[in-house]
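Single-structure report; data block below.
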Amino acid sequence: MSARPFSTPFDRERRVRSTLKKVFGFDSFKTPLQESATMAVVKGAEDVFVCMPTGAGKSLCYQLPALLASGITIVVSPLIALIQDQVDHLLALKVQVSSLNSKLSVQERKELLSDLERDKPRTKLLYITPEMAASASFQPTLNSLVSRNLLSYLVVDEAHCVSQWGHDFRPDYLRLGALRSRLAHAPCVALTATATPQVQEDVFAALHLKQPVASFKTPCFRANLFYDVQFKELIPDVYGNLRDFCLKALGQKAENGSSSGCGIVYCRTREACEQLAIELSSRGVNAKAYHAGLKASDRTQVQNEWMEEKVPVIVATISFGMGVDKANVRFVAHWNIAKSMAGYYQESGRAGRDGKPSWCRLYYSRNDRDQVSFLIRKELAKLQEKRGNKPSDKATLLAFDALVTFCEEVGCRHAAIAKYFGDAPPACAKGCDYCQNPAAITKKLDALERSSSWSKTCIGPSQGNGFDPELYEGGRRGYGGFSRYDEGSGGSGDEGRDEAHKREWNLFYQKQMSLRKGKEPKIEEFTPPDEDCPLREASSRKIPKLTVKAREHCLRLLEEALISNHQAAGSTHGADLQAKAVELEHETFRNAKMVNLYKASVLKKVAEIHKASKDGQLYDMESGTKSCGAAAEFSEPSDYDIPPTSHVYSLKPKRVGAGFSKGPCSFQTATELLGKSHSQKQAPEAMLEGGQEPPGWVCDLQDEDRSKPHPGYQEKALGSSVNCGDPSPEKKTKGSSQGSAKARASKKQQLLATAARKDSQNITRFLCQRTESPPLPASVPRSEDASPSCGDVPGKCTQEVGAQGHLVAVFQTEGPRERPSTCSLRDQSFPEGQPSPLKETQAEKRPRPQQGNPERRAQKRLRPSTKSSILAEAKDSTLASDRSTENKVAQEPCQLSASGTSLREAADIVVRHLTPFYKEGRFISKDLFKGFARHLSHLLAQQLSPGRSVKEEAQSLIKQFFHNRARCESEADWHSLRGPQR
């Protein structure tokens with residue numbers, strides 16, 4: 001859809017001028033070129049390219065035609081801040097304009113999309129970013145507008161971002177070429193303020209502008225801007241110089257104390273912004289810093305104060321200014337050199353948009369030049385490592401060299417800028433420091449050449465005879481080198497000069513050595529502690545360079561923190577806080593090996609104490625001791641606690657008794673043993689009533705060593721003695737038999753552990769209902785091959801499993817086998833209502849709410865399945881199934897299945913196999929590489945072909961994609977790629 005049809009050219013011009021006056025409030029256009037560009041866009045017969053300086057009125061060239069058109073104009077802009085500034089300006093003019101970006105709320109986004117779905121949308125201009133234009137969420141809206149023929153124009157603002165030869169290249173702008181191809185019926189308008197001939201050609205090619213293109217370009221010369229360069233090396237007080245410049249540019253203050261304008265000072269780093277704002281404020285210029293390190297609210301407040309002219313000067317990084325439209329900026333100063341001529345021209349062009357005289361100053365320093373040059377080359381090196389060398393890489397260096405030439409060479413500043421952008425030399429009329437006083441600039445450059453910082457650029461003699469006192473032995477020419485022997489005959493005069501030179505050098509050497517002798521570092525002597533020093537091991541010199549005074553200071557910090565903690569917690573009982581502080585300090589001293597580690601540990605403890613005080617809790621000395629890594633005794637674990645990793649000696653089964661000490665034997669009565677076993681029985685029953693199974697059911701699934709903990713851990717957990725002889729018959733109850741079996745290392749225990757591992761892989765053990773049963777009598781022997789899991793509750797569990805059909809025999813007769821891989825457990829399915837053992841192990845310590853009736857859950861677990869089950873298989877088939885599972889795990893460990901593939905796993909595999917193609921340059925940009933990897937990962941996560949892994953499918957799809965395609969140039973390339981079908 002083009003612009004609204006007009007009967008005659010006169011009618012078109014009349015409507016344009018009427019809208020210009022009625023909506024924008026202008027009687028006429030700012031320049032004839034602006035009027036010509038606007039009329040060309042309104043006509044809609046060809047694509048338009050507009051290149052005008054900042055403040056020349058580029059936005060009006062597309063905003064006015066958009067209001068006259070009957071459809072919607074899509075405007076692509078690089079920054080949300082710039083978009084918001086344009087939207088606010090148009091809303092103030094009562095223009096129906098909207099922005100679709102990530103900062104919209106859900107309600108605002110819903111209202112905007114519903115308006116775009118109308119037959120006649122109210123929105124006239126829709127601002128989006130290039131990322132939004134390429135996003136999948138925007139495509140349905142775009143397709144709807146295209147299908148209904150509701151698009152009037154496609155506008156690309158800041159079009160120089162599309163060129164790799166430009167100073168602000170953005171890869172997302174390259175995707176706009178595909179968008180332009182889809183909207184071939186709508187005229188395209190490209191606008192920029194800085195465009196060299198090379199950049200202009202790139203814009204035409206990348207945006208697929210139809211030839212011939214109506215090009216409107218204004219010369220870059222702005223007569224109201226005065227350019228000058230100041231050399232930091234030649235200024236005694238550079239901060240004072242900047243203050244004088246600010247006050248002169250701002251002019252006289254009004255009666256209320258406010259200035260008639262404002263100014264911007266650009267710095268390269270955040271630290272420089274903060275420092276410069278402080279220096280200017282201390283010298284009488286109200287200035288505030290603005291950079292990305294500030295909070296969003298602080299940045300907004302500083303910007304608003306500057307816009308309202310409460311703060312006349314803002315010191316900012318280069319990120320500030322693109323989204324700000326302020327006409328009365330009287331000066332722009334660059335504290336450091338910019339990265340390119342185009343960037344400097346764009347930033348300095350933010351001054352004087354109202355057409356009044358304004359000043360642009362650059363503070364130049366050789367040190368800044370070297371730093372920026374190093375950063376540019378470093379960035380190029382990183383890019384070249386990823387994508388190789390490109391011809392556009394030279395453009396970055398050439399753009400920076402052009403700005404260096406602008407500062408260092410003698411000549412008109414405006415002429416240097418015009419030469420860079422391909423314009424004819426303008427009539428400066430004393431609009432720069434050189435044209436105003438050429439002799440002064442020439443004198444400054446000569447002084448700069450003679451300054452110390454510039455003499456280092458070339459190693460040469462500073463004296464007539466070639467001797468340079470700053471170089472070793474006067475330098476090559478001063479020393480003479482091989483030239484002495486080339487002369488054939490050295491006279492007595494040469495020998496005399498050599499002798500004098502040698503004496504001078506000896507005197508210089510002796511003088512330097514005498515100076516160095518006085519600067520030898522003094523060895524610090526250790527100051528012994530006082531007699532009343534409260535520190536433990538105060539005279540110890542375990543930590544080098546740690547003084548007693550420093551330890552006493554740390555002790556006071558700990559003591560003060562403990563006192564404040566007792567006060568905050570409201571503790572009433574008296575405690576020797578100094579003794580506690582001494583203990584904490586000594587513990588930290590004993591564990592640290594360096595001074596900085598010691599101080600860091602003390603500060604960490606102080607922070608922990610303050611945190612406890614803030615929470616109103618009394619600081620626990622024992623917990624603090626454990627947290628800092630000191631040796632502490634392990635507390636007695638309960639039956640539901642999994643031993644920590646430090647208690648498990650190895651993941652492999654070990655022969656108990658070969659290297660572990662049994663510990664001292666202590667006497668314990670039978671009454672204590674029976675009471676302890678009774679308390680251990682009640683805990684699993686309470687857990688069953690609360691809707692959670694004891695972790696003992698599933699410990700064997702995770703690790704076979706869980707059934708056989710460390711001997712030292714067993715002794716503390718059981719709390720019973722270990723006799724060297726055989727246990728008495730009275731102790732063979734349900735609780736004591738298990739404890740005695742775990743307490744001694746024998747072949748019987750190894751067989752029990754093997755059976756437990758084998759039993760843990762069988763699904764039928766999860767169908768058993770755990771019920772309380774009386775302890776076995778002493779006369780009933782316990783089967784040596786029984787599983788510990790079933791042996792704990794030998795009553796109803798054994799009977800129910802036996803009723804399913806000779807499964808008990810399987811448990812008792814199967815021989816030991818290798819432990820299956822953990823990955824095979826993930827693929828096992830569990831009965832309905834029964835949680836996965838792995839998940840149960842992870843969540844066994846987490847409290848759960850009550851989940852219904854336990855009897856009803858038991859019925860759900862015992863519900864028969866309509867599919868074939870392991871319960872109906874015979875013994876041989878069960879063993880065969882187990883062997884096949886082991887073989888599969890041994891051949892393909894941890895291989896992803898089709899049903900269990902997650903998006904993250906698929907993404908890792910896709911990126912791993914797609915990266916070589918990216919390094920070969922098969923993707924035009926990194927964003928395309930990310931987009932294709934995301935698309936392929938979603939395809940693989942949704943479905944897989946039967947019998948194929950994620951790796952195989954990924955390789956197949958990548959090979960299919962690059963079969964007839966040399967490079968991936970747009971997202972449209974993979975739209976036809978389909979995922980695997982089942």
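Cβ from N, Cα, C; glycine included.
Keep in mind the model is a prediction, meaning the values are calculated, not measured.
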Annotated motif 'DEAH box' segment (source Swiss-Prot; candidates 33-36, 157-160, 169-172, 209-212): 157-160
Listed as phosphothreonine by Swiss-Prot, one of Thr31, Thr527: Thr527
Output field, Zn(2+) shell: CB within 8 Å of site CB centroid, site Cys412, Cys428, Cys432, Cys435 dropped: Tyr227, Arg413, His414, Ala415, Ala429, Lys430, Gly431, Asp433, Tyr434, Gln436
Distant-in-sequence Cβ neighbours of Pro53 (ATP binding site), under 8 Å, six or more positions away: Ala193, Thr218, Cys220, Arg222, Gly349
Residues within 8 Å of the Met52, Pro53, Thr54, Gly55, Ala56, Gly57, Lys58, Ser59 Cβ centre (excluding the ATP site residues themselves): Ala193, Thr218
Integer Å distance between the CA atoms belonging to Cys435 (Zn(2+) binding site) and Lys58 (ATP binding site): 30
Cys428 (Zn(2+) binding site): tally of other CB atoms within 10 A of its CB: 19
Ser59 (ATP binding site): nearby recorded positions from Cys412, Cys428, Cys435, Thr527, Cα cut-off 10 Å: none
Candidates Ala56, Gly57, Thr527 (recorded positions) - the one closest to Cys432 (Zn(2+) binding site) by CA: Ala56
Spatially closest candidate among Cys412, Cys428, Cys435, Thr527, the listed recorded positions, to Met52 (ATP binding site) (Cα to Cα): Cys428
Separation of alpha carbons, Thr54 (ATP binding site) and Cys412 (Zn(2+) binding site) (Å): 21
